[in-house]
Amino acid sequence: MSGARRGNGVRLRKGKLIPRDDGKRIEEFVGAATTSTDSASVARMLAPPGWSEPAQRPEFDEVVIVLTGELTIVVEGRRERISAGEVGLVPRGKRVVYRNDGQGACDYWSVCAPAFRPELAHMETPKPRVQENHVTIQVAHGQGRDFARLLTTWARAYLVQLELSGVELSLSLVDDRAIRRLNRTWRKKDKATDVLSFPAGDLPKGTPGPRPLGDVVISLDTAKRQAKEYGRTLESEMARYLAHGLLHLLGHDHERPRDAKRMAALEEQLLGERGMVADSLQVDAKARRARSLM
């Protein structure tokens, strides 16, 4: 068809194949009108299932002719489906997204007037896709099921606040007997405690799926006891344990003053109030003042 002249005075020339790394093949034909009309471009496109183009607000009118399959066009938030044999028109200046929501490939033609040029398409930069976080919980306490959903909700919220994505977090809600056994086995401390953290090892690069952070184990018995002792609600007490344990999984600790202040600030960010490390720092400060008065 290259160089062929039609009776209407439009010359079409065959364009080169334009490779795309999103799996969409474009064979482009550009026609320039020899009369007083604006130049136009004609492109044949094959869009695979699941394909989507970034939003754009073009300075040209575009006519879409679907040959096979189905094309979804979202114009100013309104979705239209163009099936085989149908034609769609997108006026210039409208925000539009093209995508293929069907099961098979969509073969269609696009006619733009004036001719398509990237600088006239005003294509938006797509936002990076945020990978979903996965939170699982095991309940090994007779009364723990009432709090399982609450802990899971908090955990997801904490991960978002910490700007983490594509990670997996495991939670366990146990009694004092179980957490004492874990504390004795892994920390050589034969007593119950409030929360334990077990970081996951590093996976080989390229391993598919979410990145595991590790396990946070919370004692519901200790939470009940300490909530009553310090005048806090049980929910508040467990939220403190969860925030504390999660930060330990991420490598934070409170051994040195500078690290403790950093961890205390992060706990307060997650909880909206003072956390376990801040309380510990306050106790230490009071002890130092008491010793100085002796």
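Just so it is clear, glycine is given a Cβ too, placed from its N, Cα and C backbone atoms.
Model, not experiment: these values are computed from the prediction.
Under the heading Zn(2+) binding site, Swiss-Prot lists H244, H248, H254. Under the DSSP three-state reduction, H248 (Zn(2+) binding site) is assigned to helix.
If you look up Swiss-Prot, you'll see 45-111 marked as domain 'Cupin type-2'.
Swiss-Prot lists 123-294 with the feature region 'Endoribonuclease YbeY'.
H254 (Zn(2+) binding site) falls within neither a helix nor a strand when secondary structure is assigned with DSSP, and so counts as coil. Fewest Cβ neighbours within 10 Å among the binding-site residues H244, H248: this applies to H248. Long-range Cβ neighbours of H254 (Zn(2+) binding site) (same chain, at least 6 residues apart, Cβ-Cβ under 8 Å): A260, M263, A264, V277, S280, L281.
The Zn(2+) site is defined by H244, H248, H254, and by the 8 Å test on Cβ atoms against their centroid, the other residues of the chain that qualify are S197, G245, L247, H252, D253, M263, E267, M276, V277. Per DSSP, the secondary structure of the domain 'Cupin type-2' (45-111) breaks down as 0 helix, 39 strand, 28 coil.
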